[in-house]
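Let me begin by presenting the structure, written as structure tokens, before commenting on it.
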Amino acid sequence: MTTEDDDQMLGPSGTQEKIYVSVRMRPLNDKEKFRNDVPDWECINNTTIIYRSHLSISERSMYPSAYTFDRVFSPECCTRQVYEQGAKEVAFSVVSGVNASVFAYGQTSSGKTYTMSGITDCALVDIYGYIDKHKEREFILKFSAMEIYNESVRDLLSTDTSPLRLLDDPEKGTVVEKLTEETLRDWNHFKELLSVCKAQRQIGETALNEVSSRSHQILRLTVESIAREFSTNDKFSTLTATVNFIDLAGSERASQSLSAGTRLKEGCHINRSLLTLGTVIRKLSKEKTGHIPFRDSKLTRILQSSLGGNARTAIICTMSPARIHVEQSRNTLLFASCAKEVTTNAQVNVVMSDKALVKHLQRELAKLESELRSPSQASIVSDTTALLTEKDLEVEKLKKEVFQLAQQLEQARSEIKDLRRMVEEEKNQEKETLSTETEGLNVLMEHQYPKLRVRRTWDSENTTPLSPISAHRSSISPRSTEYSYEENVFQLSDFRIDSASSSPQQLAFVTPFLKVPLDDIHVTDTVDQSHVHKEEAIEEPHVQEERFYEMAEHTDGNSEDNCREVRCIETEKSDISIGPVENMPESSPDKYEAVTAEEPVSVTEPKNLQHPTEEAVCVTETKNLQHPTEAENEEEEEEERVKEVSGASPEPKQESNLTKNPALCDLECSPDEFDTSMSNLSRISTPPALITPSPEKPFSWIMERDSQLFRGMKLTRSRSCRPSLLSSPSSSWLEKDADTPPSWYDKEFIKTAERNLTMCDIKNQRLLQDEFSGRSMPTTWFERSLSDTQTVDAASHGVSNEMSPNESPFRPSDASVFELQTSGRASISQDRTEETAAQKDKQIIHRSMEEREQKFLASNSTKSFKDAAMDPIQDYLDTALNWPVEFKRLQREIIELWHVCKVSMAHRSYFFLLFRGDQKDCLYLEVELRRLKYIRESFAQNSNDGNNMTLISCTRALTRERYKLSKLMQRKLSKEERENLFLRWGIGLNTNHRRVQLARRLWSDYKDMGHVRESASLVGKLNGFVDMKLTSTEMFGVNYAFRPPRPKKSSLWKRSVLSLSFL
């Protein structure tokens, strides 16, 4: 343990180390030599001692023959050497602020007092030498001494021999009360105090030793060091440490020491305290978890911090080599073997004073100020090579990053190019698809509808022409409508104006081919009704074009659950009527030219109207095969005949009558014969009384709601037309949307028109649908006998909407009938000559139209029978619809209505999880949407009536469902799952009623789709239909509302579930 420099003797701080154990064997004394005693122990090297005598077989199994320690001193070693190699490093650590202790343990007369006296003197000499070398710090040495005699603590520096008490201090540990502590002035003062301690200590004579120590002596030296003011060292704090020099009394046997009386009593206390010390060392060497009896002895209590606490410890065990003390020597070596396994944790004891702290802060402040004044002086010169190497590494790193970024840039550019190419390809495909659809639609419509032309009478020359109409061709498509195909009575496919065949004052319109008696279409109306159509006819061209674009932006929807108010056609002022033009065969002699939408169309009214009646207008379109002069002559002749015919049917002013001329026959003809009949009609100058709806005002057949009478008009649907259900919740809605152009969609449509229909209940609609499914529709065209004196009753008659759900388009046997049954009375005051001429004209037109229609249907029989079994839902699915966008819109609207109508959360969750965007789910979404709208309207109607019981009951049922879900959380979710849910939903784990809070938050924010999705998943998990296979969409109509396994007995709950299930 020798060192070259005393400055290196500073012990470690805060590190664990074991007790340094060394053994010193003394030589044989005079008494042992006089008895011719021989030594049995021998030191073979500096760390090992062996038992030299031969052991018996039984002793070899009990005791080892060799012992190894940190250091072994032979009898030839002096005390200075023992100090230097066995105790100096531990004792000298006190000057660096670490506590230390040095023990001397052994049997009586083994040389403990002799060894400790020399180690104490040598340690003080070294400490004073260190103080003289380090003038930068101020050292203060304090000395105290005590002895433990017969388990009593006595102060060796005081003449008072009364025992002292031991106290426990939380910072210092066990302290001795009223112990004298002297401050050492110098070396001589220390020697004087040692002399006093030697004189005060209890000693006695025994058979083994003439001067035997009868007590345990503890000499304590406390060293405090403080940095001086002129010192520039950063060690500004105060270091405080204590070193203990412990000279234990030797263990002895009464048989050997021949003690009696007081010596025997003293020996008993010594052996008891040494036995406690051995027990503490043995337990500390094995484990520190059990109880360690430090308080069983005053010695172990005082030395508690030295044995296993905050101190460095060195034990010097002394022994005698004589054979007579072999058992005592073996016990000493066993104690030393256990002691070297004990671990201590020494730390530096730092005490910082306020004065030292202030000085340190002032010094730091001055240093920082100097650096701010001269920053250049504080620059640190670094190694140039290391700096360049670091910079090179940074450059290489940056180069790699630049290379990676360049690769990413190239990849991004290539991806952008690919995306642009894909977008261009998609646009080209869309254009090709659109052009293909448009061509196919044009071909379909051209083969489906005839060409008609509108002429006016010569009496309307002085009327003011209205604004022309410009229809954009690209806006007319099967999907260019704001409403569904079921909301339109007439499906107008195209608007084109023939500049060659029509003058600016002529009105071109093409309507679906209908088998209608011409005498049933001769309609007159009141002035008030005609005024509405006058306003409709003066729409600006750009307004019409915008409406056509709006039609293309909306998808077809099902509106079977609502009814729309429809009024009769009013044409006091001739309405603008434009429709699709059929491409006639090249071989047809009467082929007409296709009209274009860019040319203006004028609408005029008769000049010589004597009362508010409506002139019948024939809607046709012909090709100018003759000279323009001849065409004008023909037009004049036709207008004269129209004037004559219309003037012969006067009507009352306030009454709407339907005039039926018996001379006219049904308009039943083939498409080929229809052109011929139109040509013949122009030649004989007989104007047909045909009424056509306006293309931009398809819903202009609306009569005023306050009207009591109207003329009925019965129209029979041709097999080339498809039925459509026209519905609306209120008449005000219809009036607002009456200007919306009709859409094209290849669906059946029912030819219906209703009088004064303002609101239809869904239950009545359901009954109406039952009638549709159970009633067979007429299979033959309506025929009516034409009588000159027949009058029609104009009283109010209901409108019958009848169509079989399975009715297929283009089937003659299943064709539905669009009827406007009318009744009333109208007096016909016409001259017999005019009636005969009109009847002849109508009969010619009727026969021509019938023959033409038969040929047309025969040519299209293949397509009609092919489409007879077409599924209307499949047609709806096959349309070019942006379904994902439409699905999200329907889903959000349904979720919002769920919230408004207080729908059961189980139903919401089941519906939300079942329908996830499949295009075939459109029907179920439409049904659910209409159901919810009806519930909302029912709630509103009940609220207006002062009855809110339905909404209140639904709210109560929803509250009970939330309470039930909170109960299901306790049953079906584990504690860990519930805590995770609470944290995910922002509910504190330390709050009350957490499950109720979570249940109240479910389906509370209907605008957040993430919240809706989480709510549906949780409700589904609690109700048990998330993990199981969901009911198929085909069965959802039956299982419309999910019912939990154990429904509550409450009748309110049952009523709410049933109302949600079957409404």
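Placed from the backbone N, Cα and C atoms, the Cβ positions cover glycine too.
Copied from Swiss-Prot, the annotated features are:
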{"type": "DOMAIN", "residues": "18-342", "note": "domain 'Kinesin motor'"}
{"type": "BINDING", "residues": "GLY106, GLN107, THR108, SER109, SER110, GLY111, LYS112, THR113", "note": "ATP binding site"}
{"type": "COILED", "residues": "351-436", "note": "coiled coil"}
{"type": "REGION", "residues": "574-664", "note": "region 'Disordered'"}
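In the three-state DSSP scheme, GLY106 (ATP binding site) is classed as strand.
Around the Cβ of GLY106 (ATP binding site), the number of neighbouring Cβ atoms within 10 Å comes to 27. In the structure shown, the C-beta of SER109 has more C-beta neighbours within 10 angstroms than that of any other entry among the binding-site residues SER109, THR113. DSSP assigns GLY111 (ATP binding site) to coil, not to a helix or a strand. Neighbours of the ATP site: apart from GLY106, GLN107, THR108, SER109, SER110, GLY111, LYS112, THR113, residues of the same chain with C-beta atoms within 8 angstroms of the site's C-beta centroid are ASN209, GLY250, THR318, SER320.
The Cβ of THR108 (ATP binding site) lies under 8 Å from the Cβ of THR206, LEU208, ASN209, SER212, ALA249, GLY250, SER251, GLU252, SER257, each of which sits 6+ residues away along the same chain. Taken together, the residues in the domain 'Kinesin motor' (18-342) have a mean pLDDT of 87 on the 0 to 100 scale.
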